[in-house]
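Chemist: So TrEMBL lists these for the protein:
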type     : residues : note
TRANSMEM : 12-34    : transmembrane segment
TRANSMEM : 46-66    : transmembrane segment
TRANSMEM : 86-111   : transmembrane segment
TRANSMEM : 152-174  : transmembrane segment
TRANSMEM : 186-205  : transmembrane segment
TRANSMEM : 210-226  : transmembrane segment
TRANSMEM : 232-249  : transmembrane segment
TRANSMEM : 256-273  : transmembrane segment
TRANSMEM : 371-391  : transmembrane segment
TRANSMEM : 403-423  : transmembrane segment
TRANSMEM : 429-447  : transmembrane segment
Amino acid sequence: MFETFDFLNGYLKITALVGALDVLLILHFLLSYYFCCYKKGYLIDLWHGSLLFVYFFTILVFYPFMGSERLLDLRFFYNWSYSIQFIDWAWFINVLGFIAVFFGGFCFTILKRKNTFNGIILWSVKKCDYAINRILQHENQFLLMYQINNCICAYLLFYGITTSGLFVNLRVFFMTAGIYSALSNVFIQVGQPIFLFFSLIALYVSNSRLKIIVQIIFSIIILNIYGARSTLVYPFVSFLFGYIIVNKNKTVFKKILISFLVLTVVFFAVEQYRTDSDTSYMSSYSLTDRILFGNNIADIRDFSVILECWDGNYMLGRNIIAGIISFIPKEYSQFRSSWNTASYTNNLVGLPDSHPGLRGGLFSEPFLSGGYLGVVFTGLIFGYILAALDYKSKHNDCLSEKYYLVLVMSLLFMKDIFIYILFQSSLLWLAYLRILFLLLCVAVFSVKLRLNR
């Protein structure tokens with residue numbers, strides 16, 4: 001039952017029991033998609049699309065590669081065993097969390113009548129929807145804000161280049177750059193993807209697109225120099241996801257395929273670009289090795305490393321407190337420096353402070369904070385929220401494609417905020433800044449409206 005098997009000269013490694021459960025869960029997800037999504041006329045819906053990468057691919061499909069013997073050849077410079085014992089443990093914790101997610105979604109189907117919790121979720125979506133409509137109504141003012149943010153980012157990159165001597169992967173430099181670390185987080189790490197996401201919405205509904213495209217190009221250049229692959233690609237992925245939901249029963253396969261291929265090329269191009277400045281990384285290995293054993297889909301493997309080095313003591317919510325005060329840079333708070341999750345896990349596994357931290361899947365932080373109870377609790381809450389958002393995307397009174405697109409984008413934007421709050425408490429500042437951005441847009445554009453009157 002717990003016997004381990006190797007396949008394809010060490011490229012695949014599984015434990016019999018976990019492998020069998022993994023196959024069953026893959027079949028469950030595919031059947032759920034077919035009967036609850038595809039058969040109901042949706043190419044993809046918010047529920048299955050949200051779980052597609054973080055659960056189906058990252059946890060289930062890529063499990064056999066996480067404990068591969070090939071890792072020991074490619075990552076010999078790390079003193080980690082990548083033991084299948086810890087791989088399976090990390091897999092089990094995440095799967096337990098996602099089982100709770102599915103159960104939380106089931107709870108929503110029973111309790112979807114009006115209640116306080118539903119009211120909070122839908123109220124937040126309504127406010128986000130209102131803010132996006134304000135942005136679209138004041139496109140020129142939004143683009144001015146975008147230009148200002150791009151100018152600030154350009155100055156920060158100029159400072160980073162002249163100070164560090166680097167021209168690529170400046171994210172590493174800014175990790176330990178004091179106040180400039182906080183500024184780069186605000187204007188590049190958070191500001192750029194937010195402006196990108198909303199500018200893509202404006203681009204879709206606007207008649208004057210050239211000005212928007214120019215700012216998008218500047219953002220691509222800025223994020224490419226900064227070396228943030230996910231930050232660059234994620235807004236496009238989110239918009240594409242929303243576009244598919246809106247065009248639920250249209251023939252969009254060709255557009256989707258082309259968009260996916262372009263995003264894949266951009267993702268690995270940025271990786272290659274920043275890899276050129278880091279000879280210790282897997283720059284000499286094939287694209288296949290980078291995909292399977294690099295840092296792209298490594299949640300289970302990274303979590304197994306954390307568990308291997310973990311002393312068994314839970315953080316007991318201290319990471320949540322560190323997240324609440326995450327607007328304070330680590331350099332100015334000993335508590336944050338010790339208990340934000342990235343610093344905590346870096347200290348466990350022996351990585352430097354300049355490292356952004358290991359990814360362990362959605363449920364690594366809830367487990368390190370509150371054990372299995374924390375995993376189940378956050379899974380239930382997230383499942384309920386995700387089901388509520390999915391239900392809203394399918395049951396609405398939008399009279400046009402434009403308003404439906406804005407609603408779906410609002411649902412996706414709020415979904416990300418809920419994920420930061422539930423699963424990445426040390427990154428609560430990302431949620432803060434997203435909320436502040438919406439409030440700022442509403443406030444600025446409302447003032448202008450009153451002045452015009």
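Just so it is clear, glycine is given a Cβ too, placed from its N, Cα and C backbone atoms.
Set these features in their place in the structure for me.
Modeler: Through the fold, the transmembrane segment (12-34) approaches residues 1-6, 48, 51, 55-56, 60-61, 63-65, 67-69, 84, 88, 91-92, 95 of its own chain, all at least 6 residues removed from its boundaries and within a Cβ separation under 8 Å.
Away from its own ends, the transmembrane segment (86-111) comes close to residues 15, 18, 21-22, 25, 47, 51, 55, 59, 63, 66-67, 118, 299-301, 303-308, 360-364, 366-367, 372, 375-388, 390-391 of its chain (Cβ-Cβ under 8 Å, at least six residues beyond either end).
Only residues 6 or more beyond the boundaries of the transmembrane segment (186-205), in the same chain, are considered here, and those with a CB under 8 A from a CB of the stretch are 132, 135-136, 139, 142-143, 145-146, 149, 152-153, 156-157, 171, 174, 212-213, 215-216, 219, 222-223, 226, 228, 231-232, 234-236, 238-239, 243, 402, 405-406, 409, 413, 429-430, 433-434, 437.
Outside the transmembrane segment (210-226), and at least 6 residues removed from its termini, the chain residues within Cβ reach (under 8 Å) are 139, 143, 146-147, 150, 153-154, 157, 161, 167-171, 174, 184, 188, 192, 195-196, 199-200, 202-203, 232, 270, 273.
Counting only same-chain residues 6+ beyond the ends of the transmembrane segment (371-391), those with a CB under 8 A from a CB of the stretch are 45-47, 50-51, 93, 96-109, 112, 117-118, 121-122, 125, 314, 362-363, 411, 414-415, 418-419, 422-423.
Sequence-distant neighbours of the transmembrane segment (403-423) (same chain, 6+ residues past either end, Cβ-Cβ under 8 Å): 46, 50, 121, 124-125, 128-129, 132-133, 136, 197, 201, 204-205, 238-239, 241-243, 245-246, 362-363, 365-366, 378, 381-382, 385-386, 389, 392-393, 396, 430-431, 434-435.
Tertiary neighbourhood of the transmembrane segment (429-447): same-chain residues 127-128, 130-131, 134-135, 137-138, 141-142, 145, 185-186, 190-191, 194, 323, 326-327, 413, 416-417, 420-421, selected by CB-CB distance under 8 Å and a gap of 6+ residues from either end.
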